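K.L.:
From Swiss-Prot, for reference:
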BINDING   H61, H63, H145  Zn(2+) 2 binding site
BINDING   D65, H66, D165, H219  Zn(2+) 1 binding site
REGION    19-219  region 'Beta-lactamase-like'
Amino acid sequence: MALRLQMLGTGGAFAKKYFNNNALLYAGDFTLLIDCGITAPLALHTIGKSVEEIDAVLITHIHGDHVGGLEELAFRRKFGSGRKPILYIAENLVEPLWENTLKGGLSQDGVIHSLNDVFDVRLLKESEPAQLAPELKVELIRTPHIPGKPSYSLYINDEIFYSADMTFEPELLMRLVRERGCRRIFHEVQLTGKGEVHTTLQELLSLPTEIQSQILLKHYSDDMESFRGATGNMDFLRQHEVYTL
């Protein structure tokens, strides 16, 4: 059965027209939430999805537009079904996620004092594919974003690249397509300005046509519509639409 992708949001961190760049990945009867940003709970409500319909969450890196909704998710599950959400995460993100992001809101003396007390934490290792469900395999690929802050893009079922926030890595993209059989690329984009911590549209336009033709763009700013027709062989992902992969 083919995978399906539904972006809860396609916006950059400061976008207001679009929700945070988070996604639902459907693999058979398994639903994975890729990142859970500040707007994720509202986006789920908007498309009529309950947190109870999410089988697991995977976090790519620690910024508010990717983890800011985890506190609400944890509390809604705690006071709903009572089931801990399954959380897939790189080992080196566990401590900063708890200590720097979630501890203040979720900790409770004598009851909750670690990430494991509120989530069913399942560690992922960089470059080691993990079978998350019968029809879903995910490999973490570390990609540059903020110096000193780990960030992981995803290689899904040995054929789909889903970028985290990242600076331009043309060699990686070409290697995935030409050597590893990648056929779809969901890539973040910064439409204007210098790409200090993101990949710019101009950088992506420098890629060979064969690579561009496999790219759908996400994590864009509110002026996205004015760039229609100016993205070469690439197109924009639309939030809430379901894409068969």
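Any Cβ shown, glycine's included, is placed from N, Cα and C.
Since we're looking at a predicted model, the values are computed, not measured.
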K.L.:
From the centroid of the CB atoms of H61, H63, H145, the recorded Zn(2+) 2 site, which same-chain residues not already listed sit within 8 A by their CB, in sequence order?
P.N.:
T60, I62, H66, I146, K149, S151, A164, D165
K.L.:
Find the one among the binding-site residues D65, H66, D165, H219 whose C-alpha lies closest to that of H145 (Zn(2+) 2 binding site).
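P.N.:
With Cα distances computed to H145 (Zn(2+) 2 binding site), the winner among D65, H66, D165, H219 is D165.
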K.L.:
My understanding is the cutoff is Cβ-Cβ under 8 Å with a sequence separation of 6 or more in the same chain; which residues meet that for H66 (Zn(2+) 1 binding site)?
P.N.:
N20, N21, N22, D35, C36, G37, I59, T60, A164, D165
K.L.:
Do me a favour and check the Cα-Cα span between H61 (Zn(2+) 2 binding site) and H219 (Zn(2+) 1 binding site); whole Å is fine.
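P.N.:
About 14 Å separate the Cα atoms of these two residues.
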K.L.:
In angstrom units, rounded to an integer, how far apart are the Cα atoms of H219 (Zn(2+) 1 binding site) and H63 (Zn(2+) 2 binding site)?
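P.N.:
Computed Cα spacing between H219 (Zn(2+) 1 binding site) and H63 (Zn(2+) 2 binding site) is 13 Å.
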K.L.:
DSSP on D65 (Zn(2+) 1 binding site), three-state: which is it?
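P.N.:
It is helical.
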